[in-house]
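Everything below concerns the one structure shown next.
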Amino acid sequence: METTPVLGFEARCPHHLFNTNSRPYSSLPHPTLSVRTLPTATAATTVAKSPATVVSESPRTKPHSKAFLTRKSAISEIEQSPDFLSSLQRLGRVLKVQDLNVILRDFGISGRLQDLIQLFDWMQQHGKVSDSTYSSCIKFVGAKSVSKALDIYHSIPDESTKTNVFICNSILSCLVKNGKLDSCIKLFDQMKRDGLKPDVVTYNTLLAGFIKVKNGFPKAMELVGELPHNGIEMDGVMYGTVLAICASNGRCEEAERFIQQMKAEGHSPNVYHYSSLLNSYSWKGDYKKADELMTEMKSVGLVPNKVMMTTLLKVYIKGGLFERSRELLSELESAGYAQNEMPYCMLMDGLSKTGKLEEAKTIFDDMKGKGVQSDGYANSIMIAALCRSKRFEEAKQLARDSETTYEKCDLVMLNTMLCAYCRAGEMESVMRMMKKMDEQAVSPDYNTFHILIKYFIREKLHLLAYQTLLDMHSKGHRLEEELCSSLIYHLGKIRAHSEAFSVYNMLRYSKRTICKELHEKILHTLIHGKLFKDAYVVVKDNAKVISQPTLKRFGRAFMVSGNINLVNDVLKVLHGSGHKIDQVQFEIAISRYISQPDKKELLLQLLQWMPGQGYVVDSSTRNLILKQSHLFGRQLIAEILSKHHIVSRTMVKSRSAPKFSRGQR
């Protein structure tokens, strides 16, 4: 920690007071780090002990030193200079590391990112960097570029500096804020191995990342389990974060335990803690516990706010208490908490999904009549509800009204309108919506592609559906097997066999197990399209899950028209899968070889392989070979056919030998 008197908080306050990353959840406003902020050491200590306290500065009686005023003037000139690097080169020698850090943070606060990076480079070149330099630089650079922030962190030459808790908190916070939670946890584990001693801010930062992560509860609890080993006690902020994680994962019992633990440790839950517990009840619509919680809150003097009352509405709707939901909606209106559409949307959605479309429509009309502020989500919910009830004309009309009313729509609304037009068979409107998405630079998501592909298949625009699926795959979206199977079938019907195989491959290589019926379906399509090489690939990889009749059909088709150089390989694959190759397939294969004398080696290999697997040529095929034996070497052919004859006689004896029971023996 820097102890030289400086122009600002840095030397006199603990690091967490000027590093905003270290208190991501605190309500304490960040002090302006400039030459005008000069609190006393006593005041700084007061701030450290009580973050919510506003500190007033005591009047200064002693005049500033000449050196202080020189540095103050230098900071001001560098910050205001149009060419700050020139000023820095001229004045940098009079500035301490702490002064340069003040400039660096001022650049970050004012959005001068390029200047910040140039200043940071200059400080590194001149050996004027501190822990605070790295922490602040990572914070501001990370807001724009995670990779650049990581480069700065990994470039720190001193290993002990890399495990400084404030620097670590900065880079971990950067990763969490940018949705890089997996990378964040990996880096955190590495930091601990390297010697990091995490503090309460570290764990608050990491836990906050799990609030919106699907299935993030177990990992979050692992972090909570580490706290005692690091001598860290949970505070009100951390309890709030953990309760939010419980709520987002529907873990109401765990949330209840944390509330009880919180009380046992002397913490008083506030509205936000109770709100998270209430939200956890919404998963199963546990309105009884929700009502008990509201009673408990009021008994300790807490007044439910807008968030809590809206969450309670969510619980009632999930629990199917629609009459009480309407009453609560009226209370929200009376309290001025229903000025936007959200509570109406929740009730409409709940009603429509339980088959109460007309009641949902009544709420919708009532909302419109009251002039409630709307961004179009209410329209979106009603359009989806009308589509579910197959009232496509009404859905289409409401979608058109929405287009007229709301100039800009988000992706959810656009998808809903697109679905309505697709279900109504309005091709012109579908094309218009797609154009609108392009104009508004809205990237389609999984639902967009799914809606369009189903529509194009239904309209028999199968190649357009295929192109849309290609686009969907290129964007990294997961392909649905049922949809792909349907498209494969229809592409096969219009003789787009290569395209059908392309769909199959996209699905096959998407790191998932697909049903065995799909392998058989694509195999029939490829045989019909005479794409025997591709069909062979399917059989080679999946022969054991393909039916015997289909393998037989493939085998005969390949023997007739497949690549002659692969005939032996195909026969071996079929045999290896347990399929019994019939004489017809051998006869066709041998006939093709005889008709092409240059394939002599392939014929000899096949004839030599057959006896070892229990196969022999029949009399007609044997005669055909003997007639052309001069082309392949009479002596060699005679020896091979002799082996076939021996195996044949053995097989006949085996079949005709009498079978005795154990008693007869």
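Backbone N, Cα and C atoms are what each Cβ position is placed from, and that goes for glycine too.
Quantities reported herein were computed from a predicted structural model and do not represent experimental measurements.
According to TrEMBL, the repeat 'PPR' annotation covers 164-198 (among others). Within the model, the repeat 'PPR' (164-198) shows a mean pLDDT value of 94, rounded to a whole number.
TrEMBL lists 199-234 (among others) with the feature repeat 'PPR'.
Marked as domain 'PROP1-like PPR' by TrEMBL: 216-333.
For the repeat 'PPR' (235-269), DSSP puts the residue distribution at 26 helix, 0 strand, 9 coil. Taken from TrEMBL, the feature repeat 'PPR' applies to 235-269 (among others).
Annotated repeat 'PPR' per TrEMBL: 270-304 (among others), in sequence order. Residues 236, 239-240, 243-244, 246-248, 250-252, 255-256, 259, 262, 311-312, 314-321, 324 of the same chain lie 6 or more positions beyond the ends of the repeat 'PPR' (270-304) yet place their CB under 8 Å from a CB of it.
Annotated repeat 'PPR' per TrEMBL: 340-374 (among others), in sequence order. Packing against the repeat 'PPR' (340-374) from elsewhere in the chain are residues 310, 313-314, 317-318, 320, 322, 325-326, 329, 332, 381-382, 384-386, 388-389: each is 6 or more residues past its ends and has a CB under 8 Å from a CB in it.
What TrEMBL records for 410-444 (among others) is repeat 'PPR'.
The list of residues near the repeat 'PPR' (410-444) in space but at least 6 beyond its ends in sequence, with Cβ under 8 angstroms from a Cβ of it, reads 376-377, 379-380, 383-384, 386-387, 392-393, 395-396, 398-400, 402-403, 451-452, 454-455, 459, 475. In terms of DSSP helix, strand and coil, the repeat 'PPR' (164-198) has 27 helix, 0 strand, 8 coil. The repeat 'PPR' (410-444): residue composition by secondary structure is 26 helix, 0 strand, 9 coil, according to DSSP.
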